[in-house]
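First, the structure itself, so that you have it in front of you.
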Amino acid sequence: MGRAELLGGNMSTQDPSELWGRADGGTDLLQDLGWYHGNLTRHAAEALLLSNGRDGSYLLRDSNEQTGLYSLSVRAKDSVKHFHVEYTGYSFKFGFNEYSSLKDFVKHFANQPLIGSETGTLMVLKHPYPREVEEPCIYESVRVHTAMQTGRTENDLVPTAPSLGTKEGYLTKQGGLVKTWKTRWFTLQRNELKYFKDQMSPEPIRILDLTECSAVQFDYSQERVNCFCLVFPFRTFYLCAKTGVEADEWIKILRWKLSKIRKQLDQGEDTVRSRSFIFK
């Protein structure tokens, strides 16, 4: 008899509190955790927390990397950060700590832990985001219904959505006219990179449209460490991170954004070419 079957057979006769304290029943009891969202994707987690969460909201979900690995998705001010949670078979590992049971793991979150990453941003985990939320059973009635196009088929239905892929943190930026370096707060959402005077500023100094960016790469011309640049037709922006790891993270996510943008543009061009061929 397997471990899961054994646990299932004992579930009705044992006190649930005893099961929560067991080291071998961790993943089976995750289903009873109200803020465990199962196989929720990274994209869906970001959309959920950004649209309906608040600073300090978090949820636990399956990681798509390997069995026994989970992702803790946390809402910061303007982004969602993801952290690994590992189940070893007898304990949960998160951050610098290891918990011998799910009960101890959850108790840690009940005490509102403070965590920080390479960005230097500190977050207090205050608000577990529930898997189930009450919703009204209200539907709209269709009053107008017609087709705006003709001659299209199911092949024209290509689901597309911009990747959220959020990130935020302080970077040191070189000025445009006066080549001095100033520390600014940067946020990345969808295809926009914004920078602010500081983290508390309500309005950005500038918004950069990444659809106009042609390249992101490490830079060694400014005689500064952890420096990288964004190339636009009108200007090259030079940015420096505090650490090499942080610079690498910014470069990776920005390059990933550019690859997605180019892919969407290529798909759009292919669609236009195929339609022009049909109507020739």
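Glycine is treated like the rest: Cβ placed from N, Cα and C.
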According to Swiss-Prot, which residue out of Tyr87, Tyr139 bears the annotation phosphotyrosine?
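That would be Tyr139, per the phosphotyrosine annotation in Swiss-Prot.
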Annotation phosphoserine in Swiss-Prot: match it to one of Ser91, Ser141, Ser214, please.
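Annotation hit in Swiss-Prot: Ser141.
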